[in-house]
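Shown below is the structure under consideration.
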Amino acid sequence: MVSTRLERITAILLELKAVATRWFKYYVVWNKAVPFISGLVFVHAWVEYALIAVLITHLTDEWLHLPRAASIVNVQDGVTAVLALVVAYVSDAYLGPFLAVVCSTVAYITGLILLFFAAWRLTNIELQLLYVALILVALGRAGRDIPLKEFLAYQFREEGSYMTWRKIWWRPAYILGICASVYVFANATWIELSRISAIAMGVAFALFLGGIAFKYKYKPPAKESKLNNMLQILYAAISKRRLSNSTPSGNVIPILRWLDKASVEEPSPSQAEQVRIGRLWSPEDVQEVKILLSMVPLWTTFLAYGLLQATGNTFFYEQVGYMDSRLGRISKVPIVIFVIVKSSTSFIVSRLCDSLIPSCWSQKVPRQVMLTRVGAGMALSPVLHSCLEDREVQAAQFFLLGFMEGLVFDGMEEVFDGHVPESFRKYGPSFTQFALNIGNFVSLAFILIFHGLFNDNLDTSGLATYYALLAYICFVNFLFYCSVATYYVKDSYYEKDESPVEQELEQIQNLVDSNEATDHQLAE
């Protein structure tokens, strides 16, 4: 009996060793061209956290009063979200990821240089230069989420699980960039940061181009871009709106049935010519677009949350400058620390949800669970605004803001992935960010409407009244979300995606459990 048990234990250990070897080979993949891309990812993270994320503090420290500085930051964030979709479309249909990254990075470097000149001169003439610089910076940031990630993933296209390896190379570089934003020039002036950021981005871009010598793998523009198809279907449906005899392509939302006109054949020209010029589409293609657009009602419920996010990216960081930011022997805590606190909390909450929620179901997670996760985050928004009126707990606002972001943003991505066709899923982060960043324009409108609450600085501004107003709005919006979310609770599921290594580990665990059961029977 003892020898039998030893043989089984030895067999299990050998099997575990084999799985560990396969795990190492699966997750640790070397590509000599990828480090050049990772360098650009590193600088993107460093510039984002050291300069862009806390831009409002630099604007108010130099020459702009609070309302105008907040308006500029809101517009810049909103334009970034819009340009992210534009860059994704151009990358898919015309340029390909590599050229899209090159063009957006050149725009980023130019914007940072202009930002340095605007900070250097500090005159009313340079204020116009600031606007141009921030638009170019927004274009540079827009090239990060889809083209740069897609180009990095494409380097592993022959290896199998390229998305997993993209994350393995992306996350360490991005985290190191965040850490560098704390330890390198954390308390530098705006002039120093903008100059160093421009130089760092230029060096990273030069190294990125140097990777061409190591034979990048270039993904050509797609022969059939889904975003381009969507625009052509919308155009075809609008231009044929007076035609009749359309066959419904699916029961999504009744108001979207007008899109079925895109699948109606016109008397002339020929059918083949109509297909070639994008005037005639199959009912399946139209159905995919209808499913995507059926997300719009749910996206509208995120306007108030986007308003909260915009408030966090402006007034929250400005408040930090008015707080006692001493921490032990550290005379002044860099503001970027609070940015990292928010991002770290969001990341931890998101990973916990991704790990714990699927473990409660064998294979599939009902969509209503993901919608509940999003709703839980939105339910916290009124609580956050209520806490902001108490100065003693303002430091904890970044934990709460990150907690909400981890629930809402990533939860919304999961809902998006489970709702839309697979061909649209790679645009999930951009569409989600676009839906949330519309709140930046809402915030801009609120600042203009309630301009009487804002003065040149926080001491003379009525932020308590403004936060109370936002708390009521967020509460009403939460009720609106609950009513809209009920429409999306259907028999649709978010698939639990397991890597081959995770499946093998599960099989090993089952083997161990079965052996333990056998040993128990033998002992009896």
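Quick reminder: no glycine exception, Cβ is built from N, Cα and C everywhere.
Just so you know, TrEMBL annotations never went through curation; they're auto-generated.
Quick paste from TrEMBL:
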| type | residues | note |
| --- | --- | --- |
| TRANSMEM | 33-57 | transmembrane segment |
| TRANSMEM | 98-122 | transmembrane segment |
| TRANSMEM | 128-147 | transmembrane segment |
| TRANSMEM | 168-190 | transmembrane segment |
| TRANSMEM | 196-216 | transmembrane segment |
| TRANSMEM | 434-454 | transmembrane segment |
| TRANSMEM | 466-489 | transmembrane segment |
Under 8 angstroms for C-beta pairs, at least 3 of them, ignoring pairs fewer than 6 apart in sequence. Is the transmembrane segment (168-190) in contact with the transmembrane segment (434-454) by that rule?
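Answer no: the transmembrane segment (168-190) and the transmembrane segment (434-454) share fewer than 3 Cβ pairs below 8 Å.
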Below 8 angstroms Cβ to Cβ, which residues of this chain, lying six or more residues outside the transmembrane segment (98-122), approach it?
40, 47, 58, 62-63, 87, 90-91, 129-130, 132-144, 147-148, 151, 190-191, 194-195, 197-198, 201-202, 205, 208-209, 216, 218-219
Under 8 Å between C-beta atoms and at least six residues away from its ends: which parts of the chain pack against the transmembrane segment (196-216)?
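For the transmembrane segment (196-216), the far contacts come to 32-33, 35-37, 39-40, 42-43, 46-47, 50-51, 98, 101-102, 105-106, 108-109, 112-113, 115-116, 140, 151, 155, 185, 188.
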